[in-house]
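Structure, as C-alpha cells:
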Amino acid sequence: MTSPNDRNFDDLSQRFKKNIYGTPKGMLRLYALREDFAKFEISDQQPLSILDAGGGMGQFSSELAQKGHKIELCDISQEMLEGARDLFAEKGLEAKISLTHCGIQDIPDKFDQQFDLVMNHAVLEWLVDPAEAINTLYKQVKPGGWLSIMFYNVHGRTWRGLMNGKLHAPATSTERMAKEGIAPQQPLEPQWVHDQLVDLGLEVKSWRGIRFVYDHMHQKIRDRVGLEAIAASESEFGYQAPYKDLARYVHMLCYKPDE
C-alpha cells in the first residue's frame, strides 16, 4: 500500500510540465539519459519490455516508444497519467503504452512480470522509504536486464545553499518550497544509493551527475555560453568526482546479471 506521506503531484502536474520539462533543466536531464542509454546501446536492443515506475508524463518513455519499445507506465498521480496519455497520442504512439494508476509500493500487485528495463527517475526523493522502493524496483528487473535510477542529490542541494550564502547544511526545505510542495522530501546520498544497489546484486555500470554545471552558473553566463556548450561540459565532466558529487541529480544505470 502506498504511504500516505509519499508525494502525489495531481496539484502540480501542469507546473511540472511547464517549469521542468519545458526548460533547459529538463532538456539537460533528457540529454544525460539519452547519452547514458546510448553508451550501453540499451535502447538499440529490439524490442524491450519497459516499466517506467513513477513515469509522470512519459517524456523519456515516449522517445523509447518511438524506437519500437513497449512501455508500461505507472504513477501515483492521475493527472500525470493523463498527461502521458496525451503526449503519446500526440506522437501517434497510443499502441506502445499502457497506463496504470499506482504507487511504487503497489507495483508487485499490479505487474506479475519482470521487465528488460525498469526506469525510476526523480521519484525516490519524494518517498518515505526509498530503500523499500529500490528493492521493489530490483525485483521487477529480468536477469540480464537494466535498472535506470535518477534521484535528487543531497550534496548538490547543500552546495547550492552554501553558494547562496546559507552557510550551514539545510535540515529541511525552505519555507517557500515546503508551502508550494516542490521541495523533495528526502534528498539522497549517492553512495548510500550505490551501496543499496550493489547489495542487491546489481552492477552499477554508470554513475553520473546531472546539472552540476548549469545549476551553479549565473544566468548571464548561461545565456552567453548557451545550452549546447553547457551540455557538452556536463557530458565531459559528469562521470568524474568531484564534479558529479555536486550535481543536482544523479543517474545510475545498473545491470542485473543472469542467474
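Along the chain as shown, the residues are counted starting at 1.
Any Cβ shown, glycine's included, is placed from N, Cα and C.
Taking Cβ-Cβ distances under 8 Å and a sequence separation of 6 or more, the neighbours of Asp75 (S-adenosyl-L-methionine binding site) in its chain are Gly54, Gly55, Gly56, Leu81, Ala84, His101, Cys102. Sequence annotations record features per position, and here TrEMBL assigns S-adenosyl-L-methionine binding site to Arg29, Gly54, Gly55, Asp75, His121.
Model confidence over the domain 'Methyltransferase type 11' (51-148) is summarised by a mean pLDDT of 97. The domain 'Methyltransferase type 11' annotation in TrEMBL covers 51-148.
Taking every pair among Arg29, Gly54, Gly55, Asp75, His121, the residues listed as contacting S-adenosyl-L-methionine, the largest Cα to Cα separation comes to 19 Å. All protein chains shown were included, and the count of other CB atoms within 10 Å of the CB of His121 (S-adenosyl-L-methionine binding site) stands at 21. In the three-state DSSP classification, Asp75 (S-adenosyl-L-methionine binding site) falls within a strand.
If you take the C-beta of Arg29 (S-adenosyl-L-methionine binding site) and look for same-chain residues 6 or more apart in sequence within under 8 angstroms, you find His121, Ala122, Met150, Ile210, Arg211, Tyr249.
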